[in-house]
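Please read the structure below before turning to the comments.
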Amino acid sequence: MKNGKYTVNSEDVEGSLACCGSTNNRMPQYLAAATVTIGGFSLGNVLGWSSPAIPNLTNSGDFPDIQNYQKAWIGSLVTIGALVGACCSGFLIEKIGRKKSLIVVGIPYITGWLTIALASQIYMLYIGRFLTGFSVGALSLVAPVYLCEISQSDIRGFLGAIFQVTVTVGILFTFVIGSMTSWQLLSATCGIFPLIFTIFSSLLPESPRYLIAKGRSEAALKALSWLRASDSTNPSKDVLEELDEIQGTIQHGKELQLKYLDLISLPILKPILITLGLMFFNQFCGSNAVGFYTVTIFEEADLGMDAHLSSIIVGVVQVVATALASAFVDKAGRRILLLLSFTIMCISLLALGTFFHLKNASYGQFLLESTHWIPLASVMAFNAAYCGGVGCLIWTVMSELLPNHVIGTQLCEILPNHT
């Protein structure tokens, strides 16, 4: 390194490894992303757990006096924990780094699942759900940041999409296992994955961007060389150029450091308000309510088919919709996808609400025989629209709307993350 720049002579270039664009040289990035996606799979386990587990809790007799409001707390405490975790993670990733933050996130995951699996009192379920929710909120920020900072630009979108897909696979896994086992065994099974995630996260390199920001240039060179399958003692030209680019970006960010007063300037305020509006509607569109109580919804609807099987069908639709959206999101306009997503979700919820209104009204009973398919179709359409639209687009739209110097830790410290 010379005068803040990484340099390499022609002999070094000739003797360096092949271009970082080859598949072999991307393998370390895929391995690191695979580790992070285990955390995404665990995130899906947390989101999907209450759907099969709450009916199992009720039917098992382990909590014979459980009340409806307690079931609601079991489902919703995840979101409260996620709010706290999201707020803490913005501080953690800058204070202790991305890698250590991933490890720290694993601890509440493991503790929470263990508490749930061994629960003999309702309050233990509350504590376990809050702890796992904390990890959900924290990982929702830490994982995308880490994946973004370790990956090359041409595979960055792919790795981010894979993370989203594994979340829905984690939900589907919970639906399937929950339909066959007790809630205790389901919880214990879900607790295995964060343990694996934490162990493998300890083997990952730190984010090169974070290391450079902290003035640890040599450590950044070693980390980036590992990620690009290059020799740190004889790094490739691409690695050195990428380090220079990262350093230049960080320096430019410092020159444009965000201040509180900047938030009221029109070029920043307008995209922030649009982004916060999307975040608000993302949270209040009912996706969590439908996801947390899918089995309960189908039990109450009395479809004439097993409620767990219906939820599994919905889980499969979620995975397919997320995978398709991830593959084609760059080929379609963001605005039209968002409008289509919210429109289908609105129609689906309206149809579902109308069905239950008629079901509970004596004058509507004669209609139910021919409309028993509505709950399953509505929930399937709702989840497909959510996963194929706002669920996978919100972070993409945020990154495209906000100015470059606003995206990142400075904004995370000023505005709480959505959970």
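Just so it is clear, glycine is given a Cβ too, placed from its N, Cα and C backbone atoms.
Taken from TrEMBL, the feature domain 'Major facilitator superfamily (MFS) profile' covers 28-419.
Look at TrEMBL and you will find 30-52 (among others) tagged as transmembrane segment.
Residues annotated as transmembrane segment in TrEMBL: 72-93 (among others).
According to TrEMBL, the feature transmembrane segment maps to 102-124 (among others).
TrEMBL lists 130-148 (among others) with the feature transmembrane segment. Here the transmembrane segment (130-148) has long-range neighbours at 33, 36, 39-40, 42-43, 46-47, 49, 77-90, 92-93, 98-99, 101-102, 104-106, 108-109, 111-113, 115-116, 156, 159-160, 163, 194, 207, 395, 412, 417, 419, meaning same-chain residues at least 6 beyond its ends whose C-beta is under 8 angstroms from one of its own.
According to TrEMBL, the transmembrane segment annotation covers 155-177 (among others). Within its own chain, the transmembrane segment (155-177) is flanked in space by residues 26, 29-30, 33, 36-38, 40-45, 47-49, 51-52, 143-144, 147-148, 185-186, 189-190, 193, 291, 294-295, 308, 311-312, 314-316, 318-319, 322-323, 326-327, 329-330, 387, 391-392, 395, which lie at least six positions past its ends and keep a Cβ under 8 Å from the stretch.
If one looks beyond the transmembrane segment (183-204) by at least 6 residues along the same chain, the residues whose Cβ comes under 8 Å of a Cβ in the stretch are 32, 35-36, 38-39, 41-42, 45-46, 49, 52-53, 56-57, 60, 62, 99, 102-103, 106-107, 109-110, 113-114, 116-118, 128, 135, 170, 174, 177. Taken from TrEMBL, the feature transmembrane segment applies to 183-204 (among others).
Taken from TrEMBL, the feature transmembrane segment applies to 272-295 (among others).
Per TrEMBL, the feature transmembrane segment maps to 307-329 (among others).
Feature annotation from TrEMBL assigns transmembrane segment to 336-356 (among others). Listed by sequence, the residues of this chain that lie at least six past the ends of the transmembrane segment (336-356) yet keep a Cβ under 8 A from its Cβ atoms are 278, 281, 285-286, 297, 300-301, 325, 329, 368, 371, 374-375, 377-379, 381-382, 384-386, 388-390, 393, 397.
Feature annotation from TrEMBL assigns transmembrane segment to 376-397 (among others).
The stretch with the most CB contacts under 8 Å to the transmembrane segment (376-397), chosen from 30-52, 72-93, 102-124, 307-329, is 307-329.
Residues 36, 39, 42, 49, 63, 66, 70, 74, 85, 89, 92, 96, 130-135, 138-139, 142-143, 146, 184, 187-188, 190-191, 194-195, 197-198, 201-202, 204 of the same chain lie 6+ residues outside the transmembrane segment (102-124) yet bring a C-beta within less than 8 angstroms of a C-beta in it.
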